[in-house]
Amino acid sequence: MTDAVTVTDLVVDRGHRRVIPGLSCAVPAGRVTGLLGPSGSGKTTLMRALVGVQQVRSGTVTVLGEPAGSPGLRSRVGYVTQAPSVYPDLTVRENARHFAALYGRGARAADDALEAVGLTDAAGQLVADLSGGQRGRASLACALVGEPELLVLDEPTVGLDPVLRVELWERFHALAVAGTTLVVSSHVMDEAGRCDRLLLLREGRLLADSTPAQLRADSGTDDLEESFLRLVRAQQQEVAA
Amino acid sequence: MSTATTVLSPRLTGATTARVLRQLRHDHRTIAMMVLLPSLLLGLLYLLWKDVPSLPGQPSTFDRVGLTMLGIFPFVVMFLVTSIAMLRERTSGTLERLLTTPLSRLDLLLGYGAAFGLAAAAQAVVTVTVATTVYDLQIAGSVWLVVLIAVANAVLGVALGLLASAFARSEFQAVQFMPVIVLPQFFLCGLLVPREQMAGWLQAISDVLPLTYAVEALQEVGRSAAETGTMWTDVGIVAGAAVLALALAAATLRRRTS
């Protein structure tokens with residue numbers, strides 16, 4: 001299995017605070033990798049580094065064989081921020097078509113992306129008139145429309161109803177089967193079980209690089225939330241010792 | 001299949017222009033204000049000076065001030081609209097998202113310039129028509145030259161707005177860049193006090209402010225039926241300043257932020 005992303009000794013400062021103090025990890029190609037950790041653990045910062053909009057202090061981030069943020073990567077990497085980043089004063093369809101145009105795709109690709117996130121019926125509505133969950137899906141559609149090889153999604157399921165959440169995860173896995181690499185962040189541990197691979201972050205450090213099954217086996221519990229807690233406690237005891 | 005990212009792509013610039021115009025189209029009140037407000041304000045100036053006698057052989061005060069305002073309105077309005085639009089791109093996260101796509105920074109900025117330049121053209125046609133018919137504004141030269149200068153001014157306003165928005169961290173800062181960048185140019189452009197009567201150092205400052213040349217170009221069109229070389233030089237300077245500001249704005253727009 002090849003790696004789509006390799007991060008080596010990444011150090012990131014935001015303001016006067018060191019949010020990632022030296023992180024190395026890899027993201028396997030064609031899989032759904034979950035980036036899990038509490039709020040403030042550095043998930044978003046790491047994702048920003050992957051898509052090349054984060055100033056980094058040192059270290060290297062290689063994405064699909066090129067340095068993160070290289071011009072050549074911009075049509076191959078899709079990024080969905082945590083807060084929906086679409087134009088509220090445009091309709092859903094106009095948003096999708098605009099981002100389709102930026103990726104060199106047509107109206108058909110835009111319609112397909114809207115269908116994929118279940119927004120076909122809302123296509124003519126202004127984004128400002130949508131519910132929070134619909135806005136998030138509109139934002140997701142604007143990344144899907146480019147059919148990127150790497151899709152970086154920052155908490156894409158926040159505020160979604162359970163049915164929709166399951167549908168989206170099925171969608172993510174379908175994309176992975178088709179060859180797309182996905183990095184999906186979440187602070188909800190019950191979503192960790194849906195990932196092929198897990199990167200657990202805490203205070204900018206990698207707590208575990210594992211699979212859900214391995215994590216359960218290592219910690220001796222079926223509850224991933226509990227596994228995470230045990231890992232944190234074990235690490236704290238190590239530091240104290 | 002991958003779209004190469006170039007410094008400038010007419011297709012992506014066009015996509016941005018279309019998107020900005022579409023956003024405007026959904027905002028009917030903004031369109032109405034953009035098209036009608038300058039005409040109404042000009043009407044106020046017309047009424048203000050209507051009964052004030054002018055010196056024989058001199059253009060009336062309204063002819064002089066009104067013509068200059070035809071250049072100043074698009075400059076001020078487009079500066080403000082652009083500053084706010086760019087700040088919205090920043091705070092909504094769409095700017096960061098755009099910067100991860102094949103769209104280049106110059107595509108984005110030129111796209112904005114073209115969109116608001118087109119909006120300014122519509123505004124100028126309406127304002128010039130109303131000014132010359134309803135308010136009887138006297139212009140010796142072609143009204144189309146007035147429209148051209150108004151559009152050049154609007155693009156200058158857009159370019160300076162884009163540049164200023166790079167330095168604004170909040171909405172409060174963004175609106176205050178208007179008095180900082182627009183008012184000194186307005187004070188020193190030669191409308192309030194003729195440039196020849198200014199103190200030498202003020203005149204020197206006036207010499208490097210682009211609005212000065214826009215106002216001079218309008219005054220040339222106002223008093224001369226034939227196109228003058230000075231007028232074209234002035235238009236060139238305004239356009240050059242706009243291009244320079246756009247280039248600076250592209251250079252200050254950071255793809256990577258902390």
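Any Cβ shown, glycine's included, is placed from N, Cα and C.
Positions annotated as domain 'ABC transmembrane type-2' by TrEMBL: B:29-256.
Here the transmembrane segment (B:31-49) has long-range neighbours at 24-25, 60-62, 65-66, 69-70, 73-74, 77, 81, 119, 122-123, 126-127, 130-131, 134-135, 137, meaning same-chain residues at least 6 beyond its ends whose C-beta is under 8 angstroms from one of its own. Sequence annotations record features per position, and here TrEMBL assigns transmembrane segment to B:31-49 (among others).
If you look up TrEMBL, you'll see B:69-87 (among others) marked as transmembrane segment.
The transmembrane segment feature in TrEMBL is assigned to B:108-131 (among others). With a cut-off of 8 Å between Cβ atoms, the residues of this chain six or more beyond the transmembrane segment (B:108-131) that come close are 8, 12-21, 24, 34-36, 38-39, 42-43, 66, 70, 73-74, 77-78, 81-82, 85-86, 98, 137, 143, 146-147, 150-151, 153-155, 157-159, 162, 242, 246, 249-250, 253.
Residues or ranges marked as transmembrane segment by TrEMBL: B:143-167 (among others).
As annotated by TrEMBL, transmembrane segment applies to B:174-193 (among others). If you look at the transmembrane segment (B:174-193), the same-chain residues 6 or more away from its ends with a CB under 8 A from one of its CBs are 64-65, 68, 72, 75-76, 79-80, 83-84, 87, 160, 164-165, 167-168, 202, 205-206, 209-212, 214-216, 219.
For B:235-253 (among others), the entry in TrEMBL reads transmembrane segment.
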